[in-house]
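According to Swiss-Prot, the features are:
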- 8: phosphoserine (MOD_RES)
- 101: phosphothreonine (MOD_RES)
- 102: phosphothreonine (MOD_RES)
- 509-525: compositional bias 'Low complexity' (COMPBIAS)
- 509: phosphothreonine (MOD_RES)
- 509-572: region 'Disordered' (REGION)
- 521: phosphoserine (MOD_RES)
- 522: phosphoserine (MOD_RES)
- 534-543: compositional bias 'Polar residues' (COMPBIAS)
- 537: phosphoserine (MOD_RES)
- 540: phosphoserine (MOD_RES)
- 542: phosphoserine (MOD_RES)
């Protein structure tokens with residue numbers, strides 16, 4: 001199949017489908033009903049539906065009917081050192097559908113200094129010709145340059161982009177200073193955008209990387225050692241603090257550690273509009289693998305922020321996800337082949353970062369959260385689909401089983417056992433970080449745009465059948481609260497009378513005083529310290545004085561100062 005320029009192929013005609021005998025699960029309710037799909041939309045929900053003849057019927061047999069998953073954190077063609085991640089939009093979205101995800105939001109990652117608009121069009125074209133499922137695009141702001149504001153305005157107003165990621169890490173590449181973050185947050189709030197933050201302290205990471213390499217540590221364990229969770233937590237705190245001063249919502253991507261999650265949870269209790277997104281990897285595995293004797297296995301887990309070496313972290317993050325302190329699960333899907341990872345075989349800083357998870361995400365969440373009793377089925381729908389749809393202004397078109405919503409539907413079997421393995425996954429990489437994990441919960445049937453794309457373990461898709469889904473700015477789930485808070489908590493000056501008292505006249509000083517020569521450059525000339533030395537003075541008495549005829553007193557030794565004798569070594 002050939003593609004010239006923009007996608008010219010017709011979308012596959014949607015089937016008329018009737019899902020009968022299922023239990024519909026939304027984020028806020030569960031009930032038994034039939035669902036009729038036509039023209040890519042949910043047309044009817046209820047019992048004893050009247051439908052046209054020739055409709056294909058799917059017997060759900062009491063199983064769960066849930067909204068298709070939405071993965072808002074993928075990197076399907078991320079550049080790294082002249083390479084791109086192993087899964088393109090065809091292979092990546094094919095894997096997503098096999099796991100029950102029917103929409104992704106991928107990251108556009110421009111080269112620093114390059115045009116955001118040009119990069120967006122490049123990603124858009126690649127996704128439009130290859131994607132198997134619906135998609136949208138974040139645009140990462142990799143540098144804050146002249147003209148970036150105009151491009152951001154065009155992306156929001158004309159291109160259907162309402163979310164942008166900024167970086168606090170990757171010094172001398174993507175990293176922004178605090179003042180740039182403040183400037184970017186302020187401008188993006190005015191556009192009604194969702195601000196995503198990669199939160200790590202890039203300055204300290206750069207110092208730690210240098211120190212650890214100098215110690216002779218070059219393997220994947222150096223990646224974790226140079227990025228301790230304190231550096232993630234500090235950056236999360238700083239991002240929330242900056243956003244709080246501006247009263248703008250902030251979304252922390254890839255929450256990987258207990259410390260970072262705790263800061264988000266505490267901040268939400270105090271009021272800031274902050275959202276946290278753990279990924280499948282941080283919920284399903286840990287960073288102990290960085291110390292594996294098998295270099296290729298250890299390198300497979302390299303991602304940033306790194307997975308926590310604390311093996312209790314996944315369970316802890318799952319608990320916070322279940323209680324609402326964290327709200328969305330992504331995958332951070334950005335796998336590189338073992339050969340690509342091996343570019344950093346002698347230097348951990350050169351290992352391209354990224355893990356798999358686009359296919360495993362929903363199964364991992366079900367197994368770790370619902371099958372353990374931490375989370376109910378409605379919360380599962382919320383953290384895998386609905387919350388993302390609300391935050392990124394896709395709701396209720398996506399993220400809900402309702403009349404008028406897109407016909408992106410999954411029949412989910414909570415009891416089906418699945419063993420995750422690279423031998424059967426849809427990704428092109430030869431490893432899987434969840435290798436051998438036995439999980440409860442898996443999709444039986446996946447429907448995208450009203451068409452069955454996955455059934456009985458078989459996937460049926462074609463390149464380019466996915467659609468670009470534009471997103472409008474100012475999502476109500478976020479900005480309704482922003483508007484109210486601006487009115488209620490706006491800054492106001494104090495009404496007071498004018499001060500009419502004396503004003504001290506400060507002598508004018510030059511803005512840039514010439515520095516005094518250092519002792520090293522003028523060793524023969526003593527330089528007085530910058531503060532007044534009471535033992536040095538050019539004051540002298542000369543000439544006749546009024547008391548010259550008075551007899552002089554001899555010196556007296558003061559035995560005890562006023563207030564009595566003191567001893568600095570005694571507190572008594």
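Note: Cβ is positioned from N, Cα and C throughout, glycine not excepted.
Note that the structure is predicted; figures quoted are calculated from it, not measured.
Sequence features, as recorded in Swiss-Prot, placed on the structure.
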residue	record	CB count, 10 Å
101	phosphothreonine	29
102	phosphothreonine	30
509	phosphothreonine	6
Pairwise Cα distance for residue 102 (phosphothreonine)/residue 509 (phosphothreonine) [Å, integer]: 66
Local backbone state of residue 101 (phosphothreonine), from DSSP in three classes: strand
Residue 509 (phosphothreonine) and residue 101 (phosphothreonine), distance between Cα atoms, whole Å: 65
